[in-house]
Amino acid sequence: MLPSTLSKRLFSSSVKSQYKVTVLGASGGIGQPLSLLMKLNHKVSELRLYDLRLAKGVATDLSHIPTDSKVIGFSNQEEDGLAKALDNADVVLIPAGVPRKPGMTRDDLFSINAGIVRDLATAVAKNCPNASICVISNPVNSTVPIVAKVLQKHGVYNPKKLFGVTTLDIIRASRFISEVEGTNPTQERVNVVGGHSGITIIPLISQTTHNLMPKEVKDKLINRIQFGGDEVVKAKDGAGSATLSMSYAGSIFADHVLKGLSGEKDVVVNSFVDSPLYKEEGIDFFSSPVTLGPDGISHIHPIGELSTEEEAMLVECKETLKKNIAKGYKFVEESKL
Ligand SMILES: NC(=O)C1=CN([C@@H]2O[C@H](COP(=O)(O)OP(=O)(O)OC[C@H]3O[C@@H](n4cnc5c(N)ncnc54)[C@H](O)[C@@H]3O)[C@@H](O)[C@H]2O)C=CC1
Ligand SMILES: O=C([O-])CC(=O)C(=O)O
């Protein structure tokens with residue numbers, strides 16, 4: 001293929017770039033490749049990168065790519081760096097925070113990441129209260145409620161525009177089920193609902209065409225989807241958790257949000273959101289398919305029919321989620337804001 005044809009394929013688009021996207025934690029393992037993928041997204045007109053280190057370097061590097069967007073790096077060393085990065089942003093992606101090491105659960109990250117996410121959410125509340133906020137930092141089951149509470153305290157909470165990014169569970173499920181069934185992963189779609197940690201991740205295999213696989217094969221598959229994160233943490237052996245698959249997942253999620261904002265029809269994606277599904281049972285957030293539009297979430301879909309085994313998983317999931325959400329709320333209540 002001629003280089004010019006290749007460059008046209010990669011970089012040309014008839015889509016109008018119009019959205020300002022900010023990545024908080026842009027120099028990290030997820031932040032860098034995620035920023036690269038957002039630089040390639042034609043709906044983005046301005047990409048702002050913020051981190052405690054290297055954000056200007058990463059921004060300069062990406063700024064040489066000939067797509068129709070401007071890239072600007074902001075550092076915490078400059079006055080109002082964070083405020084400038086967020087000023088009037090349309091979409092904010094948050095992969096800031098520490099990743100796991102072998103032997104840790106996502107909840108073990110709470111002690112450090114809760115404060116980071118609280119402070120970044122405070123800056124979002126002050127500088128871009130209308131933004132769609134996509135939270136990647138773990139533990140997602142608690143960091144999303146933290147952001148909600150912070151925004152509530154500032155009187156700017158819009159539940160239609162706050163998202164916990166659980167897309168990695170969806171893409172893992174597509175991949176892993178295709179490995180078991182010998183199918184094309186791009187054609188596989190599993191509805192994964194609940195939360196984003198261990199047993200709160202519920203892959204609804206009964207809703208796929210592969211429900212008749214032997215029980216032990218299915219149990220193993222479900223366990224692999226639920227603990228796929230641990231597989232990467234173990235393989236990286238102390239150097240972090242999923243970054244490349246996560247940045248791919250994050251870019252797909254962000255693209256859905258941008259498609260919704262730009263008025264595309266039937267934009268449906270799973271996300272951990274402020275949800276009516278189990279609110280009566282005291283569970284304010286739950287991941288299920290949601291339809292996105294110009295004002296954020298336009299519809300939250302129920303999770304559909306479950307098998308007896310999946311019903312039992314849902315019971316366990318809800319018990320853990322309730323505690324994770326309460327922990328996030330309590331942290332903000334006890335913080336001086
Ligand atoms: N939602 C999901 O499915 C997934 C979530 N994660 C989570 O994403 C987070 C980031 O993971 P990695 O990128 O691998 O970690 P990393 O350590 O490579 O990068 C994190 C970046 O955040 C920056 N940072 C820390 N505090 C900050 C602050 N106050 N403001 C701005 N930037 C700040 C750091 O300087 C660093 O560059 C972790 O909490 C991890 O558990 C990881 C994989 C999947
Ligand atoms: O496992 C981790 O800590 C990172 C993560 O959330 C994932 O890979 O799903």
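Each residue, glycine too, has its Cβ placed from N, Cα and C.
Since we're looking at a predicted model, the values are computed, not measured.
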Further NAD(+) ligand in TrEMBL, beside Gly25, Ala26, Ser27, Gly28, Gly29, Ile30, Gly31, Asn113, Ile136, Ser137, Asn138, Met246, within candidate set Asp51, Asp230, Asp255, Asp266: Asp51
Pairwise Cα distance maximum in Å, substrate-binding residues per record: Arg100, Arg106, Asn138, Arg172: 18
Annotated binding-site residues Ser137, Arg172, Met246, filtered by Cβ under 6 Å to ligand 1: Ser137, Met246
Secondary structure content of the domain 'Lactate/malate dehydrogenase N-terminal' (20-164), with strand meaning DSSP E or B: 63 helix, 30 strand, 52 coil
Cα-Cα distance maximum in Å, computed over every pair in Gly25, Ala26, Ser27, Gly28, Gly29, Ile30, Gly31, Asp51, Asn113, Ile136, Ser137, Asn138, Met246 that the record assigns to NAD(+): 18
